[in-house]
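Pulled from TrEMBL, these are the features on record:
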- Gly17, Asp79, Asp80: Ca(2+) 1 binding site (BINDING)
- Asp39: Ca(2+) 2 binding site (BINDING)
- His368, His373, His551, Ile674: Fe cation binding site (BINDING)
- 2-118: domain 'PLAT' (DOMAIN)
- 118-674: domain 'Lipoxygenase' (DOMAIN)
Amino acid sequence: MPSYTVTVATGSQWFAGTDDYIYLSLVGSEGCSEKHLLDKPFYNDFERGAVDSYDVTVDEELGEIQLVKIEKRKYWLHDDWYLKYITLKMPCGDYIEFPCYRWITGEGEIVLRDGRAKLACDDQIHILKQHRRKELDTRQKQYRWMEWNPGFPLSIDAKCHKDLPRDIQFDSEKGVDFVLNYSRAMENLFINRFMHMFQSSWSDFADFEKIFVKISNTISERVMNHWQEDLMFGYQFLNGCNPVLIQRCTKLPEKLPVTTEMVECSLERQLTLEQEVEQGNIFIVDFELLDGIDANKTDPCTLQFLAAPICLLYKNLANKIVPIAIQLNQIPGDENPIFLPSDAKYDWLLAKIWVRSSDFHIHQTITHLLRTHLVSEVFGIALYRQLPAVHPIFKLLVAHVRFTIAINTKAREQLICEYGLFDKANATGGGGHVQMVQRAMQDLTYTSLCFPEAIKARGMDSTEDIPHYFYRDDGLLVWEAIKTFTAEVVGIYYKSDQVVVEDQELQDFVNDVYVYGMRGKKTSGFPKSIKTREKLSEYLTVVIFTASAQHAAVNFGQYDWCSWIPNAPPTMRAPPPTAKGVVTIEQIVDTLPDRGRSCWHLGAVWALSQFQENELFLGMYPEEHFIEKPVKEAMARFRKNLDTIVSVIAERNKKKKLPYYYLSPDRIPNSVAI
């Protein structure tokens, strides 16, 4: 009678083990075995982190093993079980690997295929085709689209974290409890002692240092010491938290009636402003998106205000970017003056603070929430709905959507919901952030997620003309490394463009993203289908880069750049000044956030800047969904390329007072999970 050795690996995360009865059946080309109870006498099977082996003898020849069926039946109390993989040693001595990396809940069962990635056209056997279709039918019932707010990308149909399919929940929900994490952050930072003074203003700038003692680090201390300087202000548009707004100014906008006479003391080349524009030395950041957005009214005791500034910047002879003109609202007029570096000290400082506050709002809601979190969730839902686990694209992308749907669901539950934590300290809380996303969806295009194209569209691509733009330089290195990797994987499984066209599962995945994620908008430029291997490689690069590098670039610097409150005020308690020569230091301090909101903000940026426990960084694929040697070799080359980038960035940073490390691959998590 044929005998098989079955090796079963249980996950090492919390509560991964089980005491339930586990049964195994083998399905072969010539027959199906009986159910076998996997149990060793006087032994605690399937403990967390365990790898257990069992001998299974069958009555007759089964032929080529096609499927393995695992059933879990209750022993005492229901407990979920995380199965990593099963390895089957055949009677002939060969081994077959069956990756799983999924939870089996309740009295459930799971049917596994061997680990070889297969396109639908590769499956000729009826039972394998049937397994493929059944898996997708089940997933499409579990992973349903939902409109959380009109105009938003669609999200997962779940009211709270515990409603999610078990496979995409966090291992421990406490790890992503925003209320708990923010409160713990304030306790760790020793700032909760200020909370009883919630509405009171700080005395002066130095007073802010009282909440800064425990949070300071190299960059944040430098920000605290230099935040009032024009050089630091300009530098942040290149390498701060939100390095995606600055663009080369090719024509001065009519709504910003700035003249050479106004700014001539800032121009260093003896040229007119128009000539500086022609030479490519003028840059602009326009916060038009904020125009008309409702400010937070959830606290009747504190009025909060927003502005929609336009900021003109100049590349000086030292190739540094500095501000030369700021208009705090969109329509020019006597009550909307253009502030200049030549103005009184506090006039100019308050104008810059308003720009920094506006930048914070765009960063949090558009750059961070919409363009990394919500977009990555769309890719994740479409992936689970349209690609079976045996599909090579599922195997490639699943690591890059890890916990993304869970973190977004938790955010909708606690953070960005009505009366959520976002309302506590942010001027765009109370619904303003929803209006912002609805507006920004008009500009969310596929091309804008293609990193090189996005840089080029803003006129920021020349390394010679615009040095010191490390976000661009490092981002291009990482983008190319990812694209090289995805092209290799695509080449392994798709031997021609025709194979891409005929892969209906892939086309359904891409179409799901377009129809539901982008709401079927032609103007989004998202493809409805993909027709070439090159385009497929680009598409996969967009998915991976958005979830990993882009999120890292705009998330993990929040601690560094936003912890010094005057450099990134989450709210302003007085309207923008309508005249020059009237601003005082006292007025600025009274405009900045009060003590309570400062503490909430500080707790938030600290918590959001922390890596997850057991974080997986770019190039790490501990779950071996792929078993084929060519893909493993491609992964090894990918990691080697990433290691080279790490070395290049580390070498450059040695000489920098302000190191830029957010796009160093060893600091880029695989997925959006915080």
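Including glycine, each Cβ sits where the backbone N, Cα and C put it.
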His368 (Fe cation binding site) to Gly17 (Ca(2+) 1 binding site) - Cα separation in whole Å: 36
Beyond the site residues His368, His373, His551, Ile674: chain residues whose C-beta lies within 8 Å of the centroid, for Fe cation: Leu369, Thr372, Ser376, Ile407, Val554, Asn555, Leu608, Val672
Residues satisfying Cβ distance under 8 Å from Asp79 (Ca(2+) 1 binding site), sequence separation of at least 6: Phe15, Gly17, Thr18, Asp19, Asp20
Cα separation, Asp80 (Ca(2+) 1 binding site) to Ile674 (Fe cation binding site) (Å, whole number): 25
Alpha-carbon distance [Asp80 (Ca(2+) 1 binding site); His551 (Fe cation binding site)] in Å: 32
Asp39, Asp80 as binding-site residues, winner by CB count within 10 A: Asp80
Mean predicted confidence [pLDDT] for the domain 'Lipoxygenase' (118-674): 94
Secondary structure content, the domain 'PLAT' (2-118) (per DSSP, counts of residues): 0 helix, 60 strand, 57 coil
Inter-residue Cα distance where the pair is Asp39 (Ca(2+) 2 binding site) and His373 (Fe cation binding site), in Å: 43
Candidate with the highest Cβ count within 10 Å, taken from the binding-site residues His368, His373, His551: His551
